Amino acid sequence: MKINPTTSGSGVSTLEKKNMGRIVQIIGPVLDVAFPAGKMPNIYNALVVKGRDTVGQPINVTCEVQQLLGNNRVRAVAMSSTDGLTRGMEVIDTGAPLSVPVGGATLGRIFNVLGEPVDNLGAVDTRTTSPIHRSAPAFIQLDTKLSIFETGIKVVDLLAPYRRGGKIGLFGGAGVGKTVLIMELINNIAKAHGGVSVFGGVGERTREGNDLYMEMKESGVINKENIAESKVALVYGQMNEPPGARMRVGLTALTMAEYFRDVNEQDVLLFIDNIFRFVQAGSEVSALLGRMPSAVGYQPTLSTEMGSLQERITSTKEGSITSIQAVYVPADDLTDPAPATTFAHLDATTVLSRGLAAKGIYPAVDPLDSTSTMLQPRIVGEEHYETAQRVKQTLQRYKELQDIIAILGLDELSEEDRLTVARARKIERFLSQPFFVAEVFTGSPGKYVGLAETIRGFQLILSGELDSLPEQAFYLVGNIDEATAKAMNLEMENNLKK
């Protein structure tokens, strides 16, 4: 059911008329609050604690009701630090779930989980707000069209293409390039598609959040002169926040994206970095609420929590939300319950490989582990499908031969296998690409490669037309013409050395 956003906003002035309770217990970020008989707040209602701490500093903490304990008590999780709270403090029931600002006023701004601006650029128009908890669109409202979303990144567009209005997961351990890939996608999509994006920073590094903001201002995604012309809204609940904020910040970002889809009827991009931190925060809250842990210590409600978020990220007849989610894989174990639960919801998976990153091949996307439901001849066409399959077959054969090469050496292979290995090594290097957002680190200008150019390049390598070129000519270039030009430059350099 579609819920129309409220235009009232839960202002402080209206709080005084609500139910009043008192704190009876504080355990870290969890509060137990006693209310008068018959005046219990509902589950997910926002509670506000206002007062002064022992030093006289004002306190304003918002909590969310999670459990009704009996004996007129509720258990709530705080969305900010509980420092300075004491037993007996007054708690106000707002009578509604957390609501956040939505619409054009959010563009170019940074918000916290409560929808409060944290970028020191003044207040935001809060006349139009929307509750962060709502049901997913009904089946009859969903759109089922299938079309490809071009990213300009060769390995993605060829081997695991993204669906417009789909859900994409970037899987990888620590330090293999998930955040850089997300930043490149934001950059390419803002330039090539001109769409509106919402970025949800869930439990990641504050430094990365700041870097992303500065990067967006430099690239023009956020318009410094006229903020309203910006193309992105940012919502952060970073590593230093309590688990309640990290658990709900994804819903805040999603609520803003839903408004652009349902009311403005736009195609929206929702970036979540990192969806694992959403699960991790849920696990922390679950333990604090006293629930019995499930497999590997995760919360027993893992699938339900993930489903309630993911099912709202969808395309309706009004507009679409294409979601790109970074998924941290603990200890590089894809069978861990958190990444395994996420897999079930995705249309495409981009798996980042530590082995490729160690070889210096960036983006370190594993061409054999990455998958997409879109890679079918009826969707992408015969030419694209055939090229992708032949690339995968060549790389798979190279993988099978690696043990033999390690033991016996290249010379022991048949002529055909040696040719396969040579082409596979060229393909592996041609799958690398210089990024716009990494220019400052590498000094190489970024490249956007169209799908047609990508297919043409790999067809030329597979056909054997470029067998004479050295493999380093294919490393960190854009299209195939740049590779041939680089080969000529390398040849000239070698001749000069002689």
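Including glycine, each Cβ sits where the backbone N, Cα and C put it.
Swiss-Prot annotations:
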BINDING   Gly172, Gly173, Ala174, Gly175, Val176, Gly177, Lys178, Thr179  ATP binding site
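Here the features listed in Swiss-Prot are painted onto the structure.
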residue	record	Cβ within 10 Å
Gly172	ATP binding site	26
Gly173	ATP binding site	16
Ala174	ATP binding site	11
Gly175	ATP binding site	10
Val176	ATP binding site	26
Gly177	ATP binding site	22
Lys178	ATP binding site	26
Thr179	ATP binding site	22
Next on the checklist: Helix, strand or coil by DSSP: which one applies to Gly172 (ATP binding site)?
Outcome noted: strand
Item to check | DSSP-derived class (H/G/I helix, E/B strand, else coil) of Gly177 (ATP binding site) | outcome: coil
